[in-house]
Amino acid sequence: FPQQKTEVLFRKQMYEVLDEVGGFHRFQFVILHILSIPRVILPLNFLLHNFISAVPPHHCALPHLDDRYADHTPQPQLLPHDPDGALSSCRQFPELENFNSSGTGSNGSVPCQYGWTYDRRIFNSTTATEWDLVCDSKHLNQALATFFFMGVMMGAVLFGYLADRFGRKPMLLVSFVSSCVLGVAIAFSSSFLMFAICRTLSGVALTGMSITTLALSIEWTGIKHRTFSGTILSLGWSVGNMLLALLAYLLRDWRHLMLAVTAPCILAIATWWWVPESARWLLVNGRVEEAQRVLQQCAKMNGKTSKLDKEVAGLTHAKRPSKDHSYLDLVKTPKLRKISLCSGIVWFAVAFTYYGISFNISGFGLNAYLTQFIYGAIEVPAKVGTYFLLDRIGRRNGQAWSLILSFFHAVCMCVCVFVGYSGVRTGVAVCGKGFSEAAFTIAFLYTAELFPTTVWFWGLHSFMGRLGGSLAPLLIMLDGIGCVAFLLPETLRVRLPETIQDRVREGEKGAPLLCIFMKHMQNREGSD
């Protein structure tokens, strides 16, 4: 089969060239440092809802008593009680004369007539206080996170296609510029509608950073160093996570905080000029001369120039793989259907766990800022541990067991609801955060290795992940979903597929399925 032979030769030559110019030397080290900037920006925006849309303690405003109670402290005799005994945040007595010693109005209570008074000791200004998104309007405040992730879902599919069609580097710049412009627009929003629209579009733009940085880091790194480069790049997210806690603590006004998390986009735009296009993408798309140019730059910086010319010369004569692919290719063959389905379910579960924990920064006996910082700090040892384990146990086992352990964490969280010790609840939450972060780190690396370069299907699975993030409270489903990872092929020390045909032709050794509900799949596991 001439077509098959030329594709195999082309793929082999690309890997040989990458090895010759240095699979992981100074050039790759510089790229990873530059790409770490957008990885820091992402959590600053993805987890921003915890602070800019926080709902501080509040009660009905009583303007005629402002002089008497200058600190706006709620008075038991002025407000009714909720069924749980706490002072109501959303109701007041219709007439101030109708108070009694028990705090119950003889004429009943009514919704707040003069707006609300907010406790600004922790959050000076948020979207909730800006537009009074509390009580009957609290669903609008909660919907802001949903709007953002709807944008992320759309961006995952959009940038997944655009990055494959027009290149990684151009789409990275589009993401930087649009994120910067939309971030400023959000900070100066004059209405809830303007904020919601800009925040949704910001989700679309920010996803481009995630997809393109992952693609560039994987495609410029040799097989032996993929795990290391993926781990290093993911540490940028953890740094951003901790930085968000610091910025939110220092900037208690949501508009100032929004501008602060947008500012790094300017630095990212400035460093974009030093980011090279993916040589693998250029070669697959037939742009051999451009690929030779960036490979020469890589070889020069890595001190490998003398070994490059012979390897690159063969690329000009190699027949390149077809570019006529679409998302429908995911379901054209049984093997790809299986991988795509299982990978999509895993991505749903990974984001389901991670954001379910990350958006819960209250109820652990610590303030929101400290909890956010601890959540970010625990990710560092989780990622370092993942790095040392992945090359020993493989991607498939690592992905499956990290999700299974996250499920047991979810069970423990349910139990800890009835435990009165905040330290126990915090400890369980932090451990669960570590397992969920390990699952997320593996998912990024694993998906990039599972699918071919010519069809950047990672965006579609990122879409599934963001869908999981929007349904994060349903953590109990993770037991079975974690086991689905055992059905995916192993990619440890395996060359990346360049075409759909590569993925279909590659064989794999089945692994024993450890879940009872998957037993009926065991006979099929080794056949692919």
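Note that Cβ sites are derived from N, Cα and C of the backbone, with glycine treated the same way.
Feature list (source: TrEMBL):
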DOMAIN    31-528  domain 'Major facilitator superfamily (MFS) profile'
TRANSMEM  143-163  transmembrane segment
TRANSMEM  170-188  transmembrane segment
TRANSMEM  194-216  transmembrane segment
TRANSMEM  228-251  transmembrane segment
TRANSMEM  257-275  transmembrane segment
TRANSMEM  339-357  transmembrane segment
TRANSMEM  402-423  transmembrane segment
TRANSMEM  438-459  transmembrane segment
TRANSMEM  471-488  transmembrane segment
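Most Cβ pairs within less than 8 Å of the transmembrane segment (143-163), among stretches 170-188, 194-216, 228-251, 257-275, 339-357, belong to 194-216. Packing against the transmembrane segment (257-275) from elsewhere in the chain are residues 30-31, 34-35, 37-38, 40-41, 44-45, 48, 51-52, 169, 172-173, 176-177, 179-180, 183-184, 186-187, 209, 216, 244, 247-248, 251: each is 6 or more residues past its ends and has a CB under 8 Å from a CB in it. Stretch with the most C-beta contacts under 8 angstroms to the transmembrane segment (194-216), considering only 170-188, 228-251, 339-357: 170-188. Mean model confidence for the domain 'Major facilitator superfamily (MFS) profile' (31-528) is a pLDDT of 75.
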